Amino acid sequence: MSFVKYEELIKEGDTAIIFLGHGSMFPVQVQHGAQTQTKYGVIRHSAHLIGQPYGSRVTCSKGGWVYVLHPTPELWTLNLPHRTQILYSTDISIITMMLELKPGSIVCESGTGSGSLSHAIIRTVAPTGHLHTVEFHQQRAQKAEEEFREHRVDRWVTVRNQDVCKNGFGVSHVADAVFLDIPSPWEAIGHAKDALKVEGGRLCSFSPCIEQVQRTCQALAEHGFIEVTTLEILLREYNVRTANLPLPDLGGALDPLPVLGEAQFKIGVPLKETVGHTGYLTFASKSLF
Amino acid sequence: MSFVKYEELIKEGDTAIIFLGHGSMFPVQVQHGAQTQTKYGVIRHSAHLIGQPYGSRVTCSKGGWVYVLHPTPELWTLNLPHRTQILYSTDISIITMMLELKPGSIVCESGTGSGSLSHAIIRTVAPTGHLHTVEFHQQRAQKAEEEFREHRVDRWVTVRNQDVCKNGFGVSHVADAVFLDIPSPWEAIGHAKDALKVEGGRLCSFSPCIEQVQRTCQALAEHGFIEVTTLEILLREYNVRTANLPLPDLGGALDPLPVLGEAQFKIGVPLKETVGHTGYLTFASKSLF
Amino acid sequence: MEGTKGEGQPGGGTMANNAEQPRQQDHLVRDGDFVVLKREDVFKAVQVQRRKKVTFEKQWFFLDNVIGHSYGTTFEVSSGGNLQPKKMMEEITSETKEAGIDNRNIVDDGKSQKLTQDDIKALKDKGIKGEEIVQQLIENSTTFRDKTEFAQDKYIKKKKKKYEAVITVVKPSTRILSIMYYAREPGKINYMRYDTLAQMLTLGNIHAGNKMIVMETCAGLVLGAVMERMGGFGSIIQMYPGGGPVRAATTCFGFPKSFFNSLYEFPLGKVNSLLNGTFSSKALPSESKDSISVEENNGVLLDDLQTSPKEMEENIIEVIENNHPQQETMEVISQEPEYKDQKERGNKKDYIQEFQKKQEQQKKRQIEAAALLNERNADGLIIASRYHPTPLALSLLEFVASSRPFVIYCHYKEPLVECYTKLRERGGVINLRLSETWLRNYQVLPDRSHPKLMMSGGGGYLLSGITVANDKQKPESCTVELEKNEEPIAKKQKVEESEDLP
Amino acid sequence: MEGTKGEGQPGGGTMANNAEQPRQQDHLVRDGDFVVLKREDVFKAVQVQRRKKVTFEKQWFFLDNVIGHSYGTTFEVSSGGNLQPKKMMEEITSETKEAGIDNRNIVDDGKSQKLTQDDIKALKDKGIKGEEIVQQLIENSTTFRDKTEFAQDKYIKKKKKKYEAVITVVKPSTRILSIMYYAREPGKINYMRYDTLAQMLTLGNIHAGNKMIVMETCAGLVLGAVMERMGGFGSIIQMYPGGGPVRAATTCFGFPKSFFNSLYEFPLGKVNSLLNGTFSSKALPSESKDSISVEENNGVLLDDLQTSPKEMEENIIEVIENNHPQQETMEVISQEPEYKDQKERGNKKDYIQEFQKKQEQQKKRQIEAAALLNERNADGLIIASRYHPTPLALSLLEFVASSRPFVIYCHYKEPLVECYTKLRERGGVINLRLSETWLRNYQVLPDRSHPKLMMSGGGGYLLSGITVANDKQKPESCTVELEKNEEPIAKKQKVEESEDLP
């Protein structure tokens, strides 16, 4: 497997997702002779995983079973070790579309953080594009590089451990798109402009606070960016279940009483509590002039 | 009728709401001998309205018919002449609850604007409370006073034509609640504090822009207000209609094919376009200390 | 019309004679008051009583010391569970709050706090106040200064919550009780969010002087909200399923006795007999179904009782269960705050005598309620229950005058879609609207303003409308086709000359 | 697996051999390019052709002058419909923008503008540019200086829109075309909002090298978006109802020819025969149902044709109708940008010959598509149609490999609730999620930042999930009860010794 190419069978060194049900899952690195403990019992990698097709049902030692899934950037986002706040798929989706990413795109990103967005970008720009990602925290930069290697996507990504506000992205006039998720994005707009291709490109800045957005928009205008738009996207998820409303006893039928339907039905109910905010997304185009 | 008391029958001088259907309506002042033209023909006030019960169906001259409705603050909000941007019932509802308005409450408001909120406040605080409303635009203040008289609620409201930021509300230490809908609410926080009762009370400020909210919250903190919370409320309306989804032709039944339901069903669909923002509502309590 | 509605109603208040004048000392907490305790954003309703142990957010204390203080006063829990009034919290000094720019130098090794758990316990044992403990924790944190301002605030808030026990006593209101229920026991109010309740009160044009019909299974919260908005003026008929209405939340409002004079209750099970003219007050539900009435009646309350022994799983209201270990049906009928007297009298024989007396009274009140409903001139209808709304709406709308608003709440959208359709078929209603509200709170702080990270996913749905004359029910009504359009399109007849109003 | 999928696919690209190297001059507009015109927030897709009159936002002009300019260049319409490149707009001078504090002194009497309509017409006739007219309007407004800054900006924007005809030429992309369709012809894309499409592409893990099944009736927009994300690598089988797939929006992307080599189409009407092994390529839909095929096929396109005579009700795409007044079925099969040649050849006999040739080709392609589907190893499934999603999902999922994502769009929630239930019953799917997204745009301006006043009320709903091995379909499967839980709860067996992975 690699994060940018499906394969049929599980093999040594793969990162597989063990799915326990009801959204509960975790990643494992497949290794001859290794074992993984789950609540349903042990998974023996050599016997249960290697050589099996992805999507298989694996019966664990206690008789319970799990599914083994091919990794995708979206599953990784749900399972990765959090080294920072991460971006989730709802924001990632709109970022990818609004930055017009596709195979062949050259993208600059800062910070790398936990690599949630990085994996999604690499997936989209491969096999002909590239991601230049900048992370100022050394430990995090190293960990991200390791993960990219493990996920077999390292040829499409260059990790740099530097401060983007001071030192920029380390590349000049090559990028189709720049993404910023840093505390002071307005300090990096100049570097972003420099990283973008001469003939233009797209920029996105993610900020949780409106004051950051205000300063970033001002900096974007000062640097001649156009089509500056800010938006917010929220996921609204529905639980599908059977609802049961009792019919009230009004003391016997009244004539004419309308015929009442069955008070049991399938419904999609919104979750009681949901994510109310992740961040504001500001998009802009590099102007030609 | 009055806007604070239901009556059964339509009488001279009443403000009635002519309901044409599908949300289309307009107010009339009922007057002996007067006539009102509608798309369904003429309504003769003496013959069709006066002495009839509210809620009646009135057949107009062309044979079409309309309903005549008792006015309520909510119907007035939908039908009033706009002299300014107005507050709608969704915001008014949460303002009324969060300010803890009830019969007997003394309320200060600025600006009066088109009187949309004023009518709702008066309705809630009558018969034992009072509204002090301040409007800096003279023409608007006069028009509001006229309307309050016409709607027979003038005994529960005092209109003042002054600048609340300079001159305050004209009352001191009497209010249970203060409501601000002005361009620079932070300039009126001191006056608001002065208008509120010594033992405390509630405040609400409505502002379309986040920068106004930021300054207002700062001013509230400086003036010792507590429990400062900012919120946003949006109405999501659904059209109820019958949806029809054709079943695709997959080329004859496959065995075993699951039994498919009827592809026609009643649904509540969100409107394609809806109000995305009216304003931020900031609430606070006057601190005891 | 006011006159009509007042006739034959002993407790049916009119605008003038029922006004409760605010007392001079209304803002001071008195013994026996129903109050709400507030800590951070958590509320708990309780009745103030001397030497009563109250548990709130894992802390216990006595409320004796709040008596005589103003509502809004903040107290700190000191030794022996006594509450001490407290001035506004001092801000953490700006010197301590020197902030790092970002978190690049922070490595979490679990060793950043130099104070051990034993150190902290020692501080507590010495009687050091929570506020000071937090200050010490900050000073002994090796990473605090390197944290960003945002992270510092988060740290302080977390520690404060843990070590400071600061409680504010506030007056109950619809705002506070509806927020409290939604946050802590939403199941008891059918997951109705507070802003949804706010919409109902406004869309229903609830105000002094109304004659309202309320059908709710929201622990009495909706009833209380309607009563608050009517301020003792007008009358309310509460429809109830089972043996009697549930009013646990209503009690928490601490309304004056007089508010209950014009509050009636009528059993749902007799609605059809009332509508078809066969109503008889003979068989009261509490007589005929005595065995189930207690459970039906006090489902919520019994629930409370069952959980109260577990000290840690506290309830959000500590009013009824502390006074009445054995809840009686009659208590539900009129829950004026007279528990104390009963407690003193408190033996079984007195209870039985009083039970019979109350039952007599209940019968009389039911006949009065039936008479009020039979006038079929209610000023509005509010439905918010766990039952399917359609049969409730179709029958209860019969008691409403024309040109009056009605509002129906349901936790789900689908039943209201059906109700909408059925009401359209029935006719006599216009301006039907199916809606929900979206509510989000904000953090507004210098340079750190943003919507709160979590929000409610849904607060329930509302179907609202206005009653009008229903010609469809009359034999001489027009064709169904015409009615379906809500109003006719008649452009055939000649136009008469007319004169617009100015 | 890549190898398996490549077998027997003439056009099925692999990672290496199909890469389209970006051309050096790719950022310059060339004759024949598919471009998008942009004015304020309004888009229109058009093919660049010399001397072709284009109508956009009530203005007509020629695109000749855009050839050779960079994408992103802004043009102003000058006399004779010629486009002139334009530098960035100068800001209205700050002197003019001196703002009033509030609106207390403004009385609207309709007399605040001193320039008359005749004055303005005279300015226009003199060839004065729109920008200057706006400046003159401001200077001649008596109330402009008294307006608040907010009101001033609103005024300028309104006037600019009216008098300035500024058009930017941009490169088509999923972003632009999906925003364009949602804003102007949402009915043609089943009211799918652009962020919903964005979710589909991500949830579907669309990327280079995939073998995708796409079933859409969104004018080819979803297909185009999938093609863009795959960049010519991998293969796509488009399922279509009726006589042929609709790809009006796909054309607007202006993809290179090579992208269409690995794009296949397969008729929905043969899905069941393929599934039960009775498939035959003999009766192609275009042969058997010729009479209806054109309409079915090109419903969208014919629609365009019908409205095009009305000059004012312009279409959002001016690509196909301008080239093909009589749309042919075959055009739909592979819509490479080769219209020009045909136009030159343009007589009926050639068309018939070509029609037969294309039909042969079509038959061959269908057999190839059937073979691709029969491998039952697709990497994903995207459904976004006007049909009930349940039967589509149940049958098309049969062609998908296990451990692959699928995404189903529907304008309504209810059918997806049903689809969810049916898929659960079917088994072989996990992680089912029913969701929608909420999207709001902001105005961010100094001291005037707030969400946009209007927003979309709904952008449609998505049901997504992941395929897994479906043991339910095998005879040796477990009991239904067990399957329903998605995974078993088996804690009976003894725990084996084990060693956790690091």
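Quick reminder: no glycine exception, Cβ is built from N, Cα and C everywhere.
As given in TrEMBL:
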BINDING   B:S114, B:G115, B:S116, B:L117, B:E135, B:D163, B:D181  S-adenosyl-L-methionine binding site
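Shown on the structure are the features that TrEMBL records.
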| residue | record | DSSP (3 states) |
| --- | --- | --- |
| B:S114 | S-adenosyl-L-methionine binding site | coil |
| B:E135 | S-adenosyl-L-methionine binding site | coil |
| B:D163 | S-adenosyl-L-methionine binding site | coil |
| B:D181 | S-adenosyl-L-methionine binding site | coil |
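Around the Cβ of B:D181 (S-adenosyl-L-methionine binding site), a 10 Å sphere holds 24 further Cβ atoms from the protein chains shown. Annotation for B:S116 (S-adenosyl-L-methionine binding site): same-chain Cβ neighbours under 8 Å, separated by at least 6 residues, are B:P73, B:W76, B:T77, B:L80, B:I86, B:L87, B:Y88, B:I92. The Cβ of B:S114 (S-adenosyl-L-methionine binding site) lies under 8 Å from the Cβ of B:L80, B:P81, B:H82, B:R83, B:T84, B:I86, B:R140, B:A144, each on the same chain and at least six residues away in sequence. Long-range Cβ neighbours of B:L117 (S-adenosyl-L-methionine binding site) (same chain, at least 6 residues apart, Cβ-Cβ under 8 Å): B:I86, B:L87, B:I92, B:I95, B:E109, B:F179, B:D181. In this structure, the binding-site residues B:E135, B:D163 were compared by how many other Cβ atoms lie within 10 Å of their Cβ, and the smallest count belongs to B:D163. Across B:S114, B:G115, B:S116, B:L117, B:E135, B:D163, B:D181, which the record gives as binding S-adenosyl-L-methionine, the greatest C-alpha separation is 19 Å. Neighbour list (B:G115 (S-adenosyl-L-methionine binding site), Cβ cut-off 8 Å, at least 6 residues apart, same chain): B:L80, B:A144, B:E147, B:F148.
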